[in-house]
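Enquirer: Sharing a structure, written as structure tokens. Questions coming.
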Amino acid sequence: METMIVDVVTPDGHVYNGDVNMVSARAQSGELGILPRHIPMVAPLSVGSVRLKDGSNVKLVAVSGGFIEVRSDRVTILAEAAEMPSDIDVARARAAKERAERRVAASQEEVDFKRAQLALKRALTRLEVAEGDK
Ligand code: ATP
């Protein structure tokens, strides 16, 4: 099966580097499924889980926005923050979820509401990715 190199990078360093058969990610324009030999592109990512498929093995990465760049069988995800399941502190994500839910319910201003919604999405993604590893 053909493979491509995937790199997940954040301002804190490398989160993942390896060969995979397929990358699934949520771009702001919709779901992306990237196979080897995909046309070159750059797209902004939404907060969400990225699936890295390697044969029958699927790895999930929690990604908090950023960009995906595809070129010559290399996919680079430049994320504001990204965690593999084993790096996720579940108690912290649960606390962040509860805090964000309270803020979503209480916010009067549109900007506070949007910020709280994004925080909630990050927390839910982390919980989903941590759970998916069990
Ligand atoms: P919190 O309110 O718990 O800080 P957050 O969504 O505001 O959550 P971010 O700003 O997205 O956090 O991330 C800040 C840094 O903390 C990043 O390096 C990110 O990887 C890390 N991080 C955030 N939440 C967790 C978590 N539950 N487990 C492990 N690392 C986390």
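Even glycines carry a Cβ here, placed using N, Cα and C.
TrEMBL feature annotations, pasted as is:
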type	residues	note
COILED	90-117	coiled coil
DOMAIN	5-82	domain 'ATP synthase F1 complex delta/epsilon subunit N-terminal'
DOMAIN	87-131	domain 'ATP synthase epsilon subunit C-terminal'
Enquirer: Can you check how the pLDDT averages out over the coiled coil (90-117)?
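Expert: Residues in the coiled coil (90-117) carry a mean pLDDT of 94 in this prediction.
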Enquirer: For a three-state summary based on DSSP, what are the helix, strand and coil counts in the domain 'ATP synthase epsilon subunit C-terminal' (87-131)?
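Expert: Its residues divide into 40 helix, 0 strand, 5 coil.
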